[in-house]
Amino acid sequence: MRSVSITRTSVRFVSDKASRFVPKSGVYPQGFSVGGIHCGIKKDGKSLDLALLRNDFGKDASAAAVFTTNKFKAAPVQVSSKLIKEKKGVGINSIIINSGNANAVTGAQGMKDAEDMILVTDSVLENPVNSTLVMSTGVIGNNLPIDNILSGIPKLALNNLGSTHEHWLTCATAICTTDTFPKLVSKQFELNGHTYTLAGLAKGAGMICPNMATLLGFFVTDAPVTPSALGQILKYSVERSFNSISVDGDTSTNDTIIAIANGAAGGPVIDNNSSTAESFAVVQKEITGFAQQLAQLVVRDGEGATKFINIHVKDALSYKDAKIVASSVANSSLFKTAMFGQDANWGRILCAIGYSKVSTADSIVPTKTSVSFVPTDGSEELKLLINGEPEVVDEERASEILKSEDLDIVIDLGTGGGQSANFWTCDLTHEYVTINGDYRS
């Protein structure tokens, strides 16, 4: 069980997961600089709470974003979604992010504060007006200490930006709240004789059940991708990554994922038309895999979590059905507590499959459904149910599998449709209750 120290919404990274999942180095896209500082939102007086990304390349970047479906959308969500729609994804060249305060359900003052964060950032960076998107995360219902933020933006923008690994890690740390480690991923891929780089960061440990939860993130690339293509790629990749994870079943007021492409690495422009279809497919595959890697880190850092669980549903009639079934299991509190207790109570899995809201009566046929625990160490799977018939389960073997930190659960619906989906979740523990019971104390 990990130890977490919380002062309102700041943390000390004391989990062993920090040493395992925080990269010691990375590769980063050309033409971007990032950084983070403490500006005075978090009350401990030192935790980083303001982050900034800037496009340094001489041309306007392409941008796309997806936002929370929660009806109580936070002020930064409302302002940023309106802005990116008005600009049609062209000329978004920076992102300003604060942590420690969500600026959600804060009325007209909250809207003004979000707009002022954009205004000051654009002014300091000498951007054209409305070239910045804003994100916030933290406690809901409190007004921002806006004077601290507005005075911190020049300090951050003029003195604390850079493109080193340390700058990227500082930026990732500055957006954390109850996270026990900053989430940062980078990679390179080849296309059309050019080497392109992806870098991304995310925050989130609780209130995670997206259709888009308190989940913030952005990833950037130096590949030349049009706004239209980037928007299509982002929606596809988020559906299979950030919208396929769950920690606690809550969807927050602030969820935002932003993608920016500045084209600094050169090469032919990638659009979503027939002439660049092959290149589009490559970029979509790379970004989707990248987004999945980043999203999985959020689950691994689930508040109080001790297990990382991949629920793989196969042979469904459709991808939608497969995902609905996987999501139903992933969000079952009874299933998640059984995983924490290392209890092979597969009846809870079947129960969640059975009440999932799939599209037709033929989507789930009990006599065709099979369930297995699959160890991630390569050893033999443990079959629990085959075509609706229960197996005699070796409880010692089941307990041994469930002691592992990582676990795959395979659900074969046996419909003949051949469609599959993955959904990533974690267990539900005593510590989750402790963290969230003390969140504002």
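Any Cβ shown, glycine's included, is placed from N, Cα and C.
Keep in mind that what you see is a predicted model, and the values were worked out from it rather than measured.
Taken from Swiss-Prot, the feature active site, nucleophile applies to THR214, supported by sequence analysis. Sequence annotations record features per position, and here Swiss-Prot assigns substrate binding site to THR177, LYS203, THR214, GLU303, ASN436, SER441.
Annotated features, which come from Swiss-Prot, shown on the structure.
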| residue | record | DSSP (3 states) |
| --- | --- | --- |
| THR177 | substrate binding site | coil |
| LYS203 | substrate binding site | strand |
| GLU303 | substrate binding site | coil |
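Around GLU303 (substrate binding site), taking its Cβ as the centre, 26 other Cβ atoms fall within 10 Å, counting all chains. Around the Cβ of LYS203 (substrate binding site), a 10 Å sphere holds 26 further Cβ atoms from the protein chains shown.
Packing around THR177 (substrate binding site) is summarised by its Cβ count: 27 other Cβ atoms lie within 10 angstroms of its Cβ, all protein chains included.
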